[in-house]
Ligand SMILES: Nc1ncnc2c1ncn2[C@@H]1O[C@H](COP(=O)(O)OP(=O)(O)OP(=O)(O)O)[C@@H](O)[C@H]1O
Ligand SMILES: [Mg+2]
């Protein structure tokens, strides 16, 4: 496991993606800072109007901006690469002969992808918070319920949101893992995973497919607003966690079924 | 070494092992038997199924039919118990180009759950030293040459003490020093009691280091046995170099030997031949079967018949001759 993380984070590509994610809150903060008028309520992405009150909200705004594409993109790259990447390098055969054990390898790969999800969301939130604090300071923040909370409390809320978004991405990671066992071409697996995440979101927009909506892994992606109320409403967190767990179970099982019987010919 | 299989038991044994890719049988019902402690040369032209066989032996691919046992245990059932005792190089080395040689080996070592993390550092350093990569250990593999990667691959196979080494073309891309070191390495591993299963195209290489040989052709195992048995399967020849081709031929025929070919002086040159010392030599070759008289008698007979013998040799068929006879001369890949 430690060695898996070392490979993941020893890789320039991983850092490039995290850097790109870090750039999003920086851009937002700088843009808000440079504009002469503070954004009015309801303008631009959610939470943007709160940014000037409390710098921590830069991270939150950046998350909202990244959820539809940037986060799924990076997660798709990591999850799609899990097995297919090893296969295309040829290292898969050496890991299996070592022997790593196919099930163990699959589990380790998935956990590493999950760790990346956490690293990615934390990058956005933490970099956002730091930049926000530097540019706007840390005033008391008004929650969506109208209550005002102090800096410590809002930092906790920011971390909660990061956890929520991480959980949101677990289902997509499982899908990516499964796709990755189907091919030896990592780019294909990455692209397929990212495309699936976009398709899920598009389907979620179509009212004609309302029956399908509860089953889409992207269903609760933007539902973390409940964590910004007083008292915290855990309903959407629970629903989201359950849905993602379902995806992990189903696609984990599919990946298992595919990978344990697969001929490794690369 | 950890032992576990009795010496009488073959290190690798397959029965009717078949692997199909769609319609094509890449490996077609082979009965392989690699004695424990042997250095087994696995030969065959391109596409004859060597790598595919190795993949099936190591559990990377599932056999279509047939039975396999490795180190006395049924495969792929006992995979988890057998593989830690097997070091392998399959179809060239493969590494993470963005990691150093050391980091690559550490990861490979970490993949084996039974390898103790405490001594990992030591094992990796020892393996690198053994293949002469001590100085390039911290370099990224991206910057390695072909031969350096090959060496690193061999180091990976040697991380832990192994009872069986499966090396698919280990000398591919190595310089003469590297080739020679691999040969030495194989010998020293065998001396430690390990079985080495090595596939190769380099017949001279195999002839120098192997005790046993198996030959694949178009998915079938067309011969296997000790090196001597295999070479012995081809007959010995006597080769006489002489200007007196005609007399030599009749003398050999007189001894009951079957002539193979005569080159050099043609009958019309006979007059020139008889002219003396400076005339051109021809070569007369005959099959030396079990019934033939000993070589010294043959020379006597030749001389008695008035042949000027300028060269005389008894030659066993080389492995190459046998290989060609078994797999055909054609250059086209079957498949
Ligand atoms: N993944 C695959 N899909 C379909 N056919 C394959 C696959 N891998 C190998 N083959 C076929 O199986 C046969 C044996 O291939 P294999 O790689 O075992 O040969 P080899 O003896 O190792 O050759 P070489 O000396 O070139 O390494 C070939 O005819 C090849 O076309
Ligand atoms: Mg091969």
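The backbone N, Cα and C atoms fix where each Cβ goes, glycine too.
Marked as transmembrane segment by TrEMBL: A:15-36, A:56-79, A:110-138, A:158-180, A:187-206, A:241-260.
Beyond the ends of the transmembrane segment (A:110-138), by six or more residues, the same chain brings 1, 4-5, 8, 14, 17-18, 21-22, 24-26, 28-30, 32-33, 51-63, 66, 71, 74-75, 78-79, 82, 151, 154-155, 158-159, 161-163, 165-166, 169-170, 173-174, 176-177, 252, 255 to within a C-beta distance below 8 angstroms of the stretch. Counting Cβ pairs under 8 Å to the transmembrane segment (A:56-79), the top-ranked stretch among A:158-180, A:187-206, A:241-260 is A:158-180. Here the transmembrane segment (A:241-260) has Cβ contacts under 8 Å with residues 83, 102-103, 106, 110, 167-168, 170-175, 177-178, 180-182, 214, 217, 219-220 of the same chain, all six or more residues outside its ends.
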